[in-house]
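Database features, via TrEMBL:
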COMPBIAS  24-33  compositional bias 'Basic residues'
COMPBIAS  89-104  compositional bias 'Low complexity'
REGION    24-50  region 'Disordered'
REGION    83-104  region 'Disordered'
REPEAT    139-172  repeat 'TPR'
REPEAT    173-205  repeat 'TPR'
REPEAT    206-239  repeat 'TPR'
Amino acid sequence: MLRLAGPRRAVDLELLGRQVRRVRRAGRERSRRPGAAPGGAPPGREEPRLRPRAHVPILTGVPRPALAVLALLSVLVVSGCSGGDGDEPSSATSSATTPSSLSPADTLVQTALTQLEAGDAAAARATFENVLELDADNVYAHYNLGLLAQEAGDDALAVKHYDAALKTDPEFTSALYNKGIVLETSDLDAAVELYRRALAIDPDLAAAHMRLGFALLHLGKTDEAEEHLSTGVRLDPKMADVKAPSYG
């Protein structure tokens, strides 16, 4: 049973329509600027990563199904290899440790991410599978194998790996968010709950607000949908021109 945020009030469809048109108009104006990335697709899944719970910057213009849209393209270091409190992404250059400080599994994870960055998904997949032979519960290997399966259209395998990552780290927001995208066409209510869980951990995930808002709108929860869509655009104006996913 979905819980609505705030008091119930009459649905103002005209107001919502004006807001959506204003948001899309602003996005089209931005897209005409020199160097602007194309928009228009629903916010998509997050990119390969090595450290859970890092704040995720959103970039525009990557169409589904390659990476879906508004996806992250950042190389993050293995947990324990960065300075600070872990709230922000760290570059491999600034935060890397000496090779001897990494476990064999962590070294393979870094190798696999380098392969992904180079566009060799098959090699990366094989390397992540080798990681699991050394460490069957490795959250980074499971997460990235889930992402690779999701990109390949193997939803069942993607969910299997995301579940394994979440078993090790229940607060891994990227796995929650990506699993939500996988489930949108088969179990939208479950996807909604996954987006809620991700936002309970990190309320500033703009793409999760957008996905949740569109899902709630489809389910007829217009008031709460409007709140999440507005929040998503406020947190990241690049979300302004995205369109609702297809749930069919």
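Using the three backbone atoms N, Cα and C, a Cβ is placed for every residue, glycine included.
Summarised by DSSP class, the composition of the repeat 'TPR' (206-239) is 30 helix, 0 strand, 4 coil.
Summed and averaged per residue, pLDDT over the repeat 'TPR' (206-239) gives 96. In the repeat 'TPR' (139-172), the DSSP tally of helix, strand and coil residues is 27 helix, 0 strand, 7 coil. For the repeat 'TPR' (173-205), DSSP puts the residue distribution at 25 helix, 0 strand, 8 coil.
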